[in-house]
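Here is the structure we will look at.
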Amino acid sequence: MASNKTTLQKMGKKQNGKSKKVEEAEPEEFVVEKVLDRRVVNGKVEYFLKWKGFTDADNTWEPEENLDCPELIEAFLNSQKAGKEKDGTKRKSLSDSESDDSKSKKKRDAADKPRGFARGLDPERIIGATDSSGELMFLMKWKDSDEADLVLAKEANMKCPQIVIAFYEERLTWHSCPEDEAQ
């Protein structure tokens, strides 16, 4: 039975936990408690690991070739297969694993949150414009806020005409007519 120990070098490089004579100081060994997730980055498989004796905040992504815990990896992969067969759908990655309830709650909270001029903030400038919804809208940056909101152009024209004018002036380009150049 192979150990779940993984050796970390000073530069974060890992090697097999088997004992080797090293002229430098002995690298510290960490024990993998559980494999939590799997991903592929630049064609290399990485596993998200829970380290024994450490908190979840210390969990890390580690390349497969640096690990010496085949039983834990196999157990994780088997649980993934069982989950896929049971669900009949692809398992979500750790970053996407929020429950549907929390997602719908976030959507409700976002819908309840005031947007645009309803936030009571002063407009700073217009970042961009779109008519993808069928009506012209401006992406408005607000003073004293890092957030921007889409606001109806009609509303911006009424509430902050100088900011709308400044937005259009920034984008104006002048072209001279050929007959003007001849004079």
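Positions of Cβ are set from backbone N, Cα and C atoms, glycine also.
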With respect to Swiss-Prot, which of the residues SER19, SER79, SER99 bears the note phosphoserine?
SER99
Position flagged as SUMO2 cross-link [Swiss-Prot], chosen from LYS10, LYS20, LYS81, LYS159:
LYS10
Measuring Cα to Cα, how many angstrom lie between SER176 (phosphoserine) and LYS44 (N6-acetyllysine)?
57
Measure from the Cβ of LYS44 (N6-acetyllysine) and count the other Cβ atoms within 10 Å, all protein chains considered.
10
When neighbour density is defined as the number of other C-beta atoms within 10 angstroms of a residue's C-beta, which of the modified residues LYS50, SER176 has the lowest density?
SER176
How big is the Cα-to-Cα gap, in Å, between LYS50 (N6-acetyllysine) and LYS44 (N6-acetyllysine)?
20
Across the domain 'Chromo 2' (121-179), what does the pLDDT come to on average, as a whole number?
92
